[in-house]
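For reference, the structure is listed below as structure tokens.
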Amino acid sequence: MTQLTHFDTAGQAHMVDVGDKASTHRVAVATGTITMLPDTFALVRDGNAKKGDVLGIARVAAIMATKRTADLIPLCHPIGLTKVAVDFALDEAGSSITCTVRTETRGQTGVEMEALTGVQVALLTIYDMCKAVDRGMVMGNVKLLEKHGGKSGDWVSTPAG
């Protein structure tokens, strides 16, 4: 099993030194879903939410969050993102919205945390904008779908994970 990299030999937390790592193209894709009442889903789908364009604002929130990840996750490196793409898939039958965030950089560390942070903040933004009509919304199934680049190479989620 791979050792945890954010702890030194004495068990103290530290930020990993990536200074000697090669700068490579890195990509990460993460996803997550929010499920809501059918009436709430219709408000979002039709653009009739009282607070405005829910998905448009959630998209901007996700992009902003990816850029602030190092401010939120204590041992995460601040990195220069070269691309952030945010997509939403609406599932009317399930009254759910799936957010997918793709992050890219050319750097010495991966962008998985940025993609995951973007997804979470997008879902939280949807919740915030719709909570007046539906406090029972459920966010879940947040996960990394794939990552590419870097020393550890490529990784793609399996259906079970």
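Glycine too: its Cβ is placed from the backbone N, Cα and C atoms.
For Glu114 (substrate binding site), applying a Cβ distance below 8 Å and a minimum sequence separation of six or more within one chain yields Ala28, Thr66, Lys67, Thr69, Ile79, Leu81, Val84, Thr103. Positions annotated as substrate binding site by Swiss-Prot, on the basis of sequence analysis: Leu75, Cys76, His77, Met113, Glu114.
Secondary structure from DSSP puts Asp128 (active site) in a helix. Sequence-distant neighbours of Asp128 (active site) (same chain, 6+ apart, CB under 8 A from its CB) do not exist here. The active site annotation in Swiss-Prot covers Asp128, and the record cites sequence analysis as its basis.
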* To do: Show, in sequence order, which residues other than Leu75, Cys76, His77, Met113, Glu114 on the same chain lie with their Cβ within 8 Å of the centre of the Cβ atoms of the substrate site.
  => Thr69, Ala70, Ile73, Pro78, Ile79, Thr109
* Asked: Of Leu75, Met113, which of the binding-site residues has the most Cβ neighbours inside 10 Å?
  -> Met113
* Structure fact -> Using a 10 Å radius on the Cβ of Cys76 (substrate binding site), the other Cβ atoms enclosed count 18
